[in-house]
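*Asks:* Take a look at this one; I'll ask things after.
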Amino acid sequence: MENEKLMPESIETDKIKKSNFLPVIAGLFVGVLVLSNILAVKMIQIGVFVFDGGTLLFPFSYILGDVLAEVYGHKTARKIIWAGFFMLIFTSLNIYLVSILPSEKEWLLQKEFDDILLQMPRITAGSLLGYLLGANSNSIVLSKLKVLTRGKHLWLRTIGSTVVGEFIDSIVFVAVAFLGLYSLPVLIVMAFSNYLFKTVIEVVFTPLTYKVIGFVKKREQIDVYEYWEKPSMC
């Protein structure tokens, strides 16, 4: 679909509204985002690398984000990113609400519940800020590279956008979520580990991302080019 003629904006918008795959991809994106933040409460160490549990799943949100931005454009991807933010906040508020409600007298796990899940608000704050900067940067870079490369070299676009997005996200997330809880050397190792792991995961999955994007473009007959779209974080 890379050589397909560009569609008028009104036709593109109409096709996006009738998309069969967009709701599924958007749902997976939001689900992965929320679940990775819940898993982030546990710290994992493998050799010299230290990272939070959400790191195992979080790269897939970037892969899904690449599919959204590449097929449907940055404008549509941005709306779904904001939907993910809303669900993160909604999840954190509900966890806090459940925590402060009185417990049944025979339920003795209140401390354990609080120790684990009440980390979510700070993790969510770090994730929101990191992802606001990282995922939007990823989406913008991908969309702009698409125009510059005239729709070619998808592997270069997805990897290039990930290198930028994941770097910003990892630094901001670790600083906001864990500063003061761990020593500076541990935070540096954690940020580096997160960045390295997430980037490697997406690079490894680039062939799969390429196939998914090609499949969705072919089935949906959608391939958005945003020549006049100005970079925006909101």
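Yeah, the Cβs are placed from backbone N, Cα and C, and that goes for glycine too.
Per TrEMBL, the features are:
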| type | residues | note |
| --- | --- | --- |
| TRANSMEM | 21-40 | transmembrane segment |
| TRANSMEM | 46-68 | transmembrane segment |
| TRANSMEM | 80-103 | transmembrane segment |
| TRANSMEM | 123-142 | transmembrane segment |
| TRANSMEM | 154-181 | transmembrane segment |
*Asks:* By Cβ distance under 8 Å, which residues at least 6 away from the ends of the transmembrane segment (46-68) in the same chain are close to it?
*Replies:* 22, 25-26, 28-29, 32-33, 35-40, 76-77, 80-81, 84, 123, 131, 135, 138-139, 142, 158, 161-162, 165-166, 177, 186, 189-190, 193-194, 196-198, 201-202, 205, 208-209, 212-213, 216
*Asks:* Going through 21-40, 80-103, 123-142 one by one, which has the most CB pairs that fall under 8 Å from the transmembrane segment (154-181)?
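*Replies:* Stretch with maximum Cβ contacts: 123-142.
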